[in-house]
Amino acid sequence: MAARSQETAFSPNGQYFANVSTDSRLKIWECESGRAKQEFIPASHLSAACTCLVWAPSKQPEQNVNQSKKKRKSNGEEAAGVAGSDIIALGTASGNILLYSLNRAELVHQLKGGHAGKIRSLCWNQDGSSLFSASSEKKIVEWDAVEGVIKCQWKVDKNPIFRMCMLQDNCTLVTAGRSIQCWNVETRSVIATFTGHTTDVVHLLPVYSPGAKGGYFLTAADADRCISAWRFVGEEKNGQSQASFTLQDDPLNFTVSTPISDKDPVILAAVTVTGILHVFEHHLNGRSKKPLQPIVKIHIGSDVAGTARPLPVLSAYACGDSDGNCVIVYGSLVRPGFEKMCYRTQDGMAYIVRRDPSSVDHSKSDITSSALKIRTPILPADVKTLAPEYMVPMTASSEVGVVVGRKRRTQNSESNSGLVSAKDSLPMEQRLSALNLDKAVDAVAPPQADNMAQLLLQGLHSRDPKILQSVLDRGDGQIIGNTIRRIPVQAILPLILELTRMMQFRGHPNYSYAKWLRSLLEHHAGYLTSCPDLASVLTPLLALMTARTSLFPKLSQLRGRLHLMLGELEHRSEKEDATTTELPATALLVYREESSDEASEEGDWPLQSGSESEDQWDELSDYGENMDVNEVKDDSEQETDDENNSEEIDEEVEEASDNDIESVVENGLSD
């Protein structure tokens, strides 16, 4: 179980509120005025952090009062003997216990030698003479608060102890880990056991009822949205809970009132991790079959104009009076706000608007301007201030020349005053640009869901795959960062296991899972390094990522080669386009062949005697040769394909002429 980041507790009478910060600074606040009364920094606060705190009881039995009259104690013994509710016991990670006195404002005692491990829980007996401590060594030590020595110590069961309390009979000590046990302090033996919770118990508080033979106590476990009430009546095994108080979320802390009589109910004020106060009223007189619901839920919001921002409730103290008052601590532990409120005037769900305590109100502050060393400069009346655009304030000197009302200021009035405001002295272009119509209206905007921490915690608690998938499939970086920052440290390891399980499936959503995992490691790296089970949790994830990225170098090489090939092909295509010449639109040479039949019909070839036909043919052949020579000379600049075509054409012409000559000779012989 992870240690809590900050411990808080009210004094038994509700007059003071104490908290230990993350750097082990003890701060004590006065609830009525809301001012910080004292602050204590242990000498070893950096090496041995404070892990728990508890106030000493405020009342003593009459026997101790009579004995104190007969026997006078020294000042040191009175402080160490816890004569009132001004003593605070602090447990540290080194195993030492510090006793701090509120009245003396100093450390009055330091208990050493009882534990070697971290102190997990502390509790006092009814008269404040004995202090019980439990550590990670699974050992309980009883201390003599007056002498500062060990009275007795004993080992507990195998399971560790996280919380302890003393019942009202002053001889029964209740210890809680996952199971709950009741010990007899005199015999140091277990006299009763209870079923307990499925997770570690993080809160344990006794209930003092007038006239009760046994005793009631309340418990709350980690990641459990309820507070269970138990009753000790004697020797019992596997006792069941008497009542269950239902909460909206996991409990952060709670207090319970002491009834004045048997007819008065027990008032339970519980605060959840989301900063909502739940108030219950119930008579603990038997087993309740149904879960109990709160009579009122209180939300507190800030009154700052703009985006609505809730003010979380940090703790609450049930006064137990007839008017139904309770003291509420809200805001931030750096500068908390305190208010005494009557919860019975509220019904159901109450929304209360309060001023943020962290915002400084200079109008109501007691700090004057002299203390802050701020002086307003005194300017003469004839000084004119120049500034860009419309940001110049209207000073008293500049308002002299302005006429009150809707009348226009004349030139005479301006010339008489000789003063013009800086805004009016600006050119028209700058004044028109100053008219910004897109300014946001100063109003309260509706709250925006910029994180899904609540839905994610609900999915992890119930292990609902639909809820988890709806949250983890989102890839918005802002939503992921805000959600990771708001989840408690108890949910970090379960979230890593769930992301590991989801990343085993192939597909597109793995990219969003990787973003969730990266944000988780960035924001909670400090906590993860302190977890002893970190290796077992991250080993499957490392193996999965190694298997997924094993082919990445080869794919990178293939991508590089393909890129080179495509680049070479593109370069070649560009080069070919640059060197290719276009063919002319018209042909350079056109040849049309005519048959002998057409020539004979048209009379181009006269059929005469052999000598005449031969002479004519010689003339035609000479004419054709001359024409071929001229064509070859004109086409000398053409390519080889055109020359080959001309040669083929000449051969065809010669063959045709030979055929025509033979036909003419045959016709002549026949004649």
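Each Cβ is built from the backbone N, Cα and C atoms, and glycine gets one as well.
Just so you know, TrEMBL annotations never went through curation; they're auto-generated.
Going by TrEMBL, these are the annotated features:
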type     : residues : note
COMPBIAS : 595-604  : compositional bias 'Acidic residues'
COMPBIAS : 612-622  : compositional bias 'Acidic residues'
COMPBIAS : 636-663  : compositional bias 'Acidic residues'
DOMAIN   : 86-161   : domain 'Anaphase-promoting complex subunit 4-like WD40'
DOMAIN   : 464-566  : domain 'Small-subunit processome Utp12'
REGION   : 593-671  : region 'Disordered'
REPEAT   : 1-39     : repeat 'WD'
REPEAT   : 112-144  : repeat 'WD'
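Helix first, then strand, then coil: DSSP counts for the domain 'Anaphase-promoting complex subunit 4-like WD40' (86-161) stand at 0 helix, 42 strand, 34 coil. Across the residues of the domain 'Anaphase-promoting complex subunit 4-like WD40' (86-161), the predicted structure has a mean pLDDT of 89. In terms of DSSP helix, strand and coil, the repeat 'WD' (1-39) has 0 helix, 18 strand, 21 coil. Secondary structure of the domain 'Small-subunit processome Utp12' (464-566) per DSSP (helix as H, G, I; strand as E, B; remaining residues coil): 82 helix, 0 strand, 21 coil.
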